[in-house]
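Here's what TrEMBL has on this protein:
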DOMAIN    B:113-344  domain 'ABC transmembrane type-2'
TRANSMEM  B:21-39  transmembrane segment
TRANSMEM  B:154-176  transmembrane segment
TRANSMEM  B:197-221  transmembrane segment
TRANSMEM  B:233-256  transmembrane segment
TRANSMEM  B:263-283  transmembrane segment
TRANSMEM  B:323-341  transmembrane segment
Ligand SMILES: Nc1ncnc2c1ncn2[C@@H]1O[C@H](COP(=O)(O)OP(=O)(O)OP(=O)(O)O)[C@@H](O)[C@H]1O
Ligand SMILES: [Mg+2]
């Protein structure tokens, strides 16, 4: 609990903190002899909504896991919220949503949330209040007491998102958060993400969807483990002379117009 | 706090999963009951063919539990013996007695021979000067007063085995599922410590393990009437420690398994050898070097302690070596589990 009190003070002066939320310095990751990430240098600022865009197998998930501390880089270093990774405590200030839903299907949505909330040190009335609040956010309040095995794919995705928001993290790492979610709900989730960003929360998400990329503050294009471009959507379009992100992605990503 | 949350979650998952609960609690009782009926039934009545035996011996043998079938000729009896209709032929030739045993079922032959020896030895000694049977047997028992059935003698091993086996299986599968569904990774993305994961599992499973160990011990002693000469609490303690080893070993090995089926593949590798070395089979005839393998097997210590307590009424000082060995196994596996979790999170 003392730990959490400390976090509060950090959070209150976060917006005018110039330090980057995430700093990657020459990060590489190899599986065996195969290099999956090549010397990634990237700084993501506090309060930024950053999108990682890249084709399947380009290394987005690998990069997000490195940032989340679930994996260690083969070379280079990761700084998270000013702390050098690995660092267990800083994980309490990060919300993580994996690409595949990590939920206990035997348990109800509420029991899942109660469990994860306890892992982040939430208890009692505050836990109840947070659970109600995130479930309202993802529009699952009426399914709170259903077992997760009876949830649809999109409902599970939303519950995963709710889990990552439970402890009011100052940094959100979302790996393809809107896959399998219908357009109406996706709209409302994006509205929420933008309002979280406006509250000063740093968000890093991966996506395949171009119109989502367009709404990010900045985008990192990743291709075969290399960060090929990092800029705002407008900047990318300007640099590539393209009118849409999709075209810019094709031009900047591989250097060829396929 | 996190340990408690993890334990509570495991309990909740378990309660939702009726089949698994049944496997943990009812399967051991079912198998124990079956074993009880197989090994504790009425002792087999040997079928004895007699040729030229005094009539008063017939009634004596019959009282001792044999089924007597008088034959008039030896070849006729031998034909039936060959077909397996008889357990033994008892015959006289002049003043020599001979017993011919069927022999394909060692335990049946043994009981037939024993029965003949015990009922007739005094008569044979008195009536004839047969050199073979002249020594008078004086039978007495150190333990069990001769009332022990084979179920009594390996029952304690079974009690330990079931605690071990089912907890190993369930813990292995539960932890594996945590890994394959990605929830373990999600767990490690939170500021949980590695030891908290391991102890959370110990606490959550511990609840069911205590219940299971109590139920198995109670059922086998009270309901099946397993011979019990020692303290129930010591039986419970030993069973608990065995389950602890099973739990930590199960979660450890699940790190090396990619699917539920691969957990099953550990059974012949990890469980079956332990059964052989646990005291179900007498190892005295085995190569002494091979016998030493049993020291590496947790079930050996558990079974040794349980037999000591239940059959010989041993107390804590007598079984302390076993207790320490089980504790050492658990601690070693806990440490290895924490190390194995490095695979999930680098720190
Ligand atoms: N544990 C692993 N062992 C070996 N190779 C791996 C491992 N994890 C990922 N890879 C490889 O690293 C590359 C990048 O994978 P990654 O999951 O990061 O892609 P991605 O960009 O997230 O793709 P997608 O959009 O399909 O989710 C892939 O070629 C994959 O085969
Ligand atoms: Mg991915």
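All positions are counted from 1 along the displayed chain.
Glycine is treated like the rest: Cβ placed from N, Cα and C.
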Stretch of maximal Cβ-Cβ contact with the transmembrane segment (B:233-256) [cut-off: under 8 Å; candidates B:21-39, B:154-176, B:197-221, B:263-283, B:323-341]: B:154-176
Candidate ranges B:21-39, B:154-176, B:197-221, B:263-283 - greatest C-beta contact count to the transmembrane segment (B:323-341) (under 8 angstroms): B:197-221
Within-chain partners of the transmembrane segment (B:263-283) [C-beta distance under 8 Å, separation at least 6 from its ends]: 154, 157, 160-161, 164-165, 168-169, 172-173, 176, 249-250, 253-254, 257, 291, 293-294, 297-300, 302-304, 307
Outside the transmembrane segment (B:197-221), six or more residues from its ends: residues with CB under 8 Å to it: 2-11, 14, 21, 24-25, 28-29, 32, 155, 158-159, 162-163, 166-167, 170-171, 174-175, 184, 187-188, 228, 232, 235-236, 239-240, 243-244, 247-248, 251, 310, 334, 337-338, 341
